[in-house]
There are 2 protein chains.
Amino acid sequence: MSFTTDATLFTFEGKLIKLTHDSTETKTKMNVNVYLPKQYETSSEKTIPVLLYLSGLTCTPNNASEKAFWQPFADQYGFAVVFPDTSPRGAAIEGEDESWDFGSGAGFYVDATVEKWAKNYRMYSYVHGELQEKLQIEFPKLDFSTISITGHSMGGYGALSGFFKNPNKYKSVSAFAPICNPIECQWGQKNFGGYLGEDKSAWAAYDPTELISKYEGSEIPEILIHTGTADPFYHRDAQLLPENLVAASKGTKFEGKVSSNLVEGYDHSYYFISSFVGQHAAYHAKYLGLSK
Amino acid sequence: MSFTTDATLFTFEGKLIKLTHDSTETKTKMNVNVYLPKQYETSSEKTIPVLLYLSGLTCTPNNASEKAFWQPFADQYGFAVVFPDTSPRGAAIEGEDESWDFGSGAGFYVDATVEKWAKNYRMYSYVHGELQEKLQIEFPKLDFSTISITGHSMGGYGALSGFFKNPNKYKSVSAFAPICNPIECQWGQKNFGGYLGEDKSAWAAYDPTELISKYEGSEIPEILIHTGTADPFYHRDAQLLPENLVAASKGTKFEGKVSSNLVEGYDHSYYFISSFVGQHAAYHAKYLGLSK
């Protein structure tokens, strides 16, 4: 058995499965939650599309499972939702638990090259590769060839970055308060510096604002982003910089296709995320070929 | 100012207001959250009906605010939701923080008579009286004369108990995994014994299964209850006993009107609650005179 089932929770009209498995990428035990919509039980093999949701700093798979409210929309449209963890945990690396925004809970969806982290902190290859391959085997009714991607904050960056780096893999990409230009903000500099070292060309290979002009895919979906004007990481700390991504889209295949919405008064929390999950679900459902 | 606003959170199409105030009933500072639906801003005085949601053991006002997902339904129908705390906190009573199911976080919605607790643990008078009166003044557009009540677990018991003890006050009552017959279960015996003493006639005055035959109101709504079959407090510990309430309804005004639904596979968590909030919202909206 590749996965161990820790819990099967009945929620809305489907089931949330809490799993653990030994990852070959991170060399640790990893947690992941999968929401199987009501359509799963009676479906045939490889018929249920997948939405990959990447969480933000400090989160486990449980935060979004309990507070983002994807379940009723997954049931409405008929897609599964995969909630990976945000980093390896318990890798026994000195200092990995010292900072809330680096190390445990903050894998930043890169493959680390700095020696200290390189063995375990391989979240890029884990979420876009190993995890999907193993879940396809575990849940044969899911169709990982019909997949879209979304995420929040660090996970919103991870979704955008992963979309641009994997041409034509993801049918659509959306993000809630994403870190759009990590090279230019403190979170990005701390994490890219820590995991990738001082060579900034390595950083650019993960930065959505750098990657958007280099995208080699033929499928060009609209990109849906919501950011709250009362989000302190937006208005106070300039960690998110959605304007930079929009500006960088000019002259690229995505010119006019980045739908970056500043929403008045919303903050950075799940109160914000859950408010717009319905819109993001409808957006992804369209690209996943699902009707109401 | 009766209330201090700690936070105003934009969520869904309304606002969640986090408040504190000095309670005359509990003689402590109390926390309460209020969700104002999208209709609030443009409404006239005393036009927005209210749903009172009583939480379960250990919860603060924040748990249900973040995880029960009343907000989209409150917006759909146009009612406000009030989330009180589950006990006084910081009353400086010896032992109040020692047990997870007695004292802090476990006020059991009674007015304590045992001397040690009697000064502060007056959650019955607080939630059904003082809190509503003060919120009516603070939010004049809310209409506390058009109010329904619901809750979870200890709060489901509190909703049923409060409904039966206040004839014609609440338009409707529903509950998620309520403790229906506290006299007959360990949670009820511990809390009633602790707050009300050994005289069991005092216990009966709060027990829904005892009260249902004594209800003096003329308005007899259906009573909506959901309980999960995988809820360990139901199937393992016999803390909930919904069958006793249904049996006690025979020969009363509520005969045939207790809709007690055992739902296969659901547990006691917010994953369960949020799955059925939509049904409960539609039920209460009907009695609150709200259409879609």
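Note that Cβ sites are derived from N, Cα and C of the backbone, with glycine treated the same way.
What TrEMBL records for this protein:
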- A:Ser153: active site, charge relay system (ACT_SITE)
- A:Asp231: active site, charge relay system (ACT_SITE)
- A:His268: active site, charge relay system (ACT_SITE)
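A gap of 11 Å separates the Cα atoms of A:Ser153 (active site, charge relay system) and A:Asp231 (active site, charge relay system). Sequence-distant neighbours of A:Asp231 (active site, charge relay system) (same chain, 6+ apart, CB under 8 A from its CB) are A:Ala177, A:Leu240, A:Tyr266, A:Asp267, A:His268, A:Phe272.
A simple way to gauge crowding: the CB of A:Ser153 (active site, charge relay system) has 26 other CB atoms within 10 angstroms, across all the protein chains here. A 10 Å cutoff on Cβ-Cβ distances gives A:His268 (active site, charge relay system) a total of 21 other Cβ atoms nearby, all chains included.
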